[in-house]
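Have a look at the structure below, then the notes.
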């Protein structure tokens, strides 16, 4: 389970990096997401997300149950300690998976909006050039064209400001991705430490299990 979650996290981080940088795979990924969001795709994705959330709540509940036993004065045995550590790690990883999934969805949405804004800006600039070239028309037509040019220039400025804001959002998403990568490295170190603690606890349990047999043989 934990190895599967780590695989999903690394796959999602790779998708985020591919979406942030303009590469040949970026267009293919965007087209794939466009197809997924059509038809029954959103229903399937929501079902998977809901399942992961339910499993996350189950791990949190199991962790809280173990903590309640320790608060009631009961001494936790090594097995309960290992289970508590495992539930905590699984809950953290599943929450991380859901958060990265939300980031991928938002990145895809912002990239699509940026592409639409750029196409609209190009169309507006072409219309602006065509209007500026038509200076041989009559006086009334020139006045009407001037008003339309002013409106188009206002739209271009608005679209440029929106494009800049979306670019800043993508930069912020890139910074968040770097922070998430560092957090994943921390989770890996924590996972290694938990494996080492688990092995030590098993060794202690085996030594405790063998000690009575040693006394009987004496």
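Note: Cβ is positioned from N, Cα and C throughout, glycine not excepted.
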Can you say which of 43-64, 109-130 is given as transmembrane segment in TrEMBL?
-> 43-64
Given the model, what does the mean pLDDT over the coiled coil (107-211) come out as?
-> 79
